[in-house]
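Participant: The annotation substrate binding site is assigned in TrEMBL to R68, S69, G70, N81, T85, I86, D87. Among the features that TrEMBL reports, domain 'dUTPase-like' is placed at 19-147.
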Amino acid sequence: MFEPIEIAVKRLDGAGDLPLPSYETSGSAGMDVRAAEAATIAPGKRGLIGTGFAFAIPQGYEVQVRPRSGLALKKGISVLNTPGTIDSDYRGEIKVILANLGDEDFVVERGDRIAQIVVAPVQRGNLVEVEILDNTARGTGGFGSTGV
Ligand SMILES: O=c1ccn([C@H]2C[C@H](O)[C@@H](COP(=O)(O)OP(=O)(O)OP(=O)(O)O)O2)c(=O)[nH]1
Ligand SMILES: [Mg+2]
């Protein structure tokens, strides 16, 4: 699975001369994506930031939008809907929803690396409706049923 799959990428008008998303090291799981626009996100607020690129992800794969730990730890910045889901049939601009959990304005400059994207295989399910489900030890236990 470490062998990369080819993903077609379109540079949108807003991308200008931004570099393509890329892996920062030879073992990185995620490619950092950059802001194609400036933004300021106040504490407790969220913002939608375009990356300037659109993908044609091969069917059977998705791209997940995830936070960068450095922004989370140092600035309190996360991806609100992490992991964001880029569907294989989406042809629009990849955008990032950032949430500011810090106590200062988060200022985004164009070109800043604001999140990372991870390519992942997708297993879809075919739901078959039944009257009775098989019994399990967990049963209907959830939400701390095994202790907190
Ligand atoms: O962080 C994200 C999440 C989603 N998207 C785009 C790509 C994705 O394929 C599409 C739909 O995402 P999702 O299914 O999460 O949103 P929805 O609220 O279900 O919208 P829709 O009804 O369009 O599926 O929005 C992004 O650009 N960034
Ligand atoms: Mg959806």
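Glycine too: its Cβ is placed from the backbone N, Cα and C atoms.
All annotation found in TrEMBL is predicted automatically rather than curated by experts.
Thinking about packing and proximity, how do these listed features fit into the structure?
Facilitator: Long-range Cβ contacts of I86 (substrate binding site) within its own chain (separation 6+, distance under 8 Å): F55, I57, E62, V63, Q64, V65, I94, I117.
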Participant: Near D87 (substrate binding site), which residues of its chain come within a Cβ-Cβ distance under 8 Å, counting only those 6 or more away in sequence?
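Facilitator: Result: I57, E62.
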Participant: Which residues of the same chain, at least 6 positions away in sequence, have a Cβ lying under 8 Å from the Cβ of N81 (substrate binding site)?
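Facilitator: Looking at Cβ-Cβ distances below 8 Å from N81 (substrate binding site), excluding near sequence neighbours, one finds V65, I97.
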Participant: Can you go through the binding-site residues R68, S69, G70, T85, I86, D87 and pick out those with a C-beta less than 6 angstroms from ligand 1?
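Facilitator: The binding-site residues passing the 6 Å Cβ test are T85, I86, D87.
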Participant: Just how many other Cβ atoms lie inside 10 Å of the Cβ on R68 (substrate binding site)?
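Facilitator: If we count other Cβ atoms within 10 Å of R68 (substrate binding site), we arrive at 19.
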